[in-house]
């Protein structure tokens, strides 16, 4: 609705200044530039704020009400009771630990694997195109599809992995199930990590590495002393994106375990309370808590970034 | 360093060949497995063999004979294309302004889109569920398109502004010198130069929309707007004794085809697009 209006306005701003404002154009140039800037950004800004701004406030409001769609008549303000309920629930804390564990373990493994993959893609003498093309497949494939592939692979009788490992129902026990979920996550997202790291590798000057090799530095020393420090901003960006993304883990868990046997992540638990349980109050409370946790993670990373944070350079005219 | 690329080149090449093979197998194994599963006949579905013993198309015939899948496919395609088109148009306009123009509030916009990129999507699901229900958007195309645009915009803005910064700035100046307004300079000079970047962004945004599961499963309830990833998770098989694995596998293969095509034809662009926003040269 509002988009249509601003979309029309943007092009119409262009022809206008030509004729009537020609004289004032030079002194008005700055103003025209400002106006154009705002007009061009308006549709994007309005959409993003409309779809996130009000809902965020609304979820704060919902989180302070008893609001269960199964009992709509009993809706009332209960302030922080929902928070007390959630924060004293063992299910919630189990989900928090599962999420943190999955995030830390998968991101750490992805960093190591992703770095190796980035080095392979960066340095490969032969077949660079094939490697880059195939690694994009896990990145691009629909997460649910990949998750089903893993689920069937581990399903007793149906799956080749299950067959190879004696048809144990691995997905019905907490720890093995989490391992499988972690594996699926790592498979899917390592290529993305590798691509971000590869962009950082491209910034390392070859001359510097050669000079170090002349001075007798071993391959490992060159990597730790030269490559890693130069790529630090790229590593931090990759870690930030992947950490926040891993923290939202939902698709893989939904397909692989549906959160049974205490394998729920915070997203999974929120979904179960909200869509399955239709308890908007509790669901929103969890939403707010997840938001706070993500904000803390992002804050810590941005402190680490300093000026290397994406978007901190002002970009504009050079 | 003559030693590095000298005598043992063939050995090195073999080494790289092995490494490449490891990477390719790693990346393709799960895809080949679901492909193999989709071609198994119902008798051999549960034999646990990696390669089908009996090839058949019955799984594909099954899914294309039900509206459960075909309708979901139409929803997926329609929703992803509309959301991509809108996000790319809005993103192009905003990225142009960010890369080329000077105006107050620019950093705020960059900050807001960064925030949205990091935002835990599940936090939006509960309020959107209730808001869309009261506005009649729940279980409709626009109900999914709106959040998709919102979460695709940061990606579009970042990728596009990185591309736009590499476009020769002087050309635009020259156009302005010849009397073009900033708007005309944008349409006539920069837009054609920007087309490859816009195209790349469109691919990335499409992949994002195509992939989404959380919004799709939370904000839909019937066939009218359910997308394929969600429909997959509801497949039950035509009778309660039938294993839905074959149908799921076949449907999974169908929605993987566009991804494979993108990757095969636009590998370079996708890599450039994914890495451009992340590192400032």
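Every residue gets a Cβ built from N, Cα and C, even glycine.
Keep in mind that this is a model prediction, so the values were computed, not measured.
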Original post:
In TrEMBL, which of A:59-87, A:175-203, A:204-232 is labelled transmembrane segment?
Top reply: A:175-203
Original post:
Any residues 6+ beyond the ends of the transmembrane segment (A:175-203) with a Cβ under 8 Å from its own?
Top reply: 98, 101-102, 105-106, 109-111, 113-115, 117-119, 121-122, 135-139, 141, 143, 146-147, 150, 154, 168, 227, 230-231, 233-235, 237-238, 241-242, 245-246, 249, 252-253, 256-257, 261, 263
**OP:** Please give the sequence-distant neighbours of the transmembrane segment (A:91-115): residues at least 6 beyond its ends with Cβ less than 8 Å from one of its Cβ atoms.
**Re:** 178, 181-182, 185-186, 189-194, 196-197, 235, 238-239, 242-243, 246-247, 249, 262-269, 286, 293
